[in-house]
Amino acid sequence: MKSINILSFLLLSSTLSLVAFARSFTSENPIVLPTTCHDDDNLVLPEVYDQDGNPLRIGERYIINNPLLGAGAVYLYNIGNLQCPNAVLQHMSIPQFLGEGTPVVFVRKSESDYGDVVRVMTVVYIKFFVKTTKLCVDQTVWKVNDEQLVVTGGKVGNENDIFKIMKTDLVTPGGSKYVYKLLHCPSHLGCKNIGGNFKNGYPRLVTVDDDKDFIPFVFIKA
């Protein structure tokens, strides 16, 4: 009988301890879990680096290049003789698609606590750095159209035209470990990787739903 009483006492003590523990974490005293959100003031996001290991900087010119064998740099092209070229393509080791990339600059809507350094998974707008007419001066910022194609015609500050850069684990054939992927991240939706697809005979940049499907990129100072 004594052993039963001792067991009952232990069970009751354990129950009361659990109740007290649970009550100590109310809405007024919540459990704070670790976070990886870039809004956490205590988290310093890694810098994005160019192919040579230098930090990517806002306003400076870069070539966005696919380092894989047979692939090439991103460039601006005119499909259909439009007044303003708006197709964002990728050079390839095919005669009609050989060539140099078009320089881009990364810009922000306003000044940032990050200074002029681009950091992973922070908001940037991508803009081709090209000579253009007054008619097309506002047609150089990247966006994604209704066909999920990356085109120009976006606007700095438009929440639908936001891009972000994420580090990958890939290493280039030349040994560079600074390989990234681009994501389209409209504020009202989740991010989607930028991949590639032949559309009407052209190697287009497109958004893709599969998280494992993306084009790897390195950034080369122009």
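Don't overthink the numbers, they just go from 1 along the chain as shown.
In case you wondered, yes, glycine gets a Cβ from its N, Cα and C as well.
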Candidate cysteine (C136, C185) that Swiss-Prot pairs with C84 in a disulfide: C136
Whichever of C37, C185 is disulfide-bonded to C191 when Swiss-Prot is consulted: C185
Looking at 29-34, 59-64, 77-82, 203-208, I want to know which stretch Swiss-Prot calls motif 'Vacuolar targeting signal'. 29-34
Return only the integer: C-alpha distance in Å from C136 (disulfide bond) to C191 (disulfide bond). 28
Give me the CA-CA distance between C191 (disulfide bond) and C84 (disulfide bond), in Å, as a whole number. 28
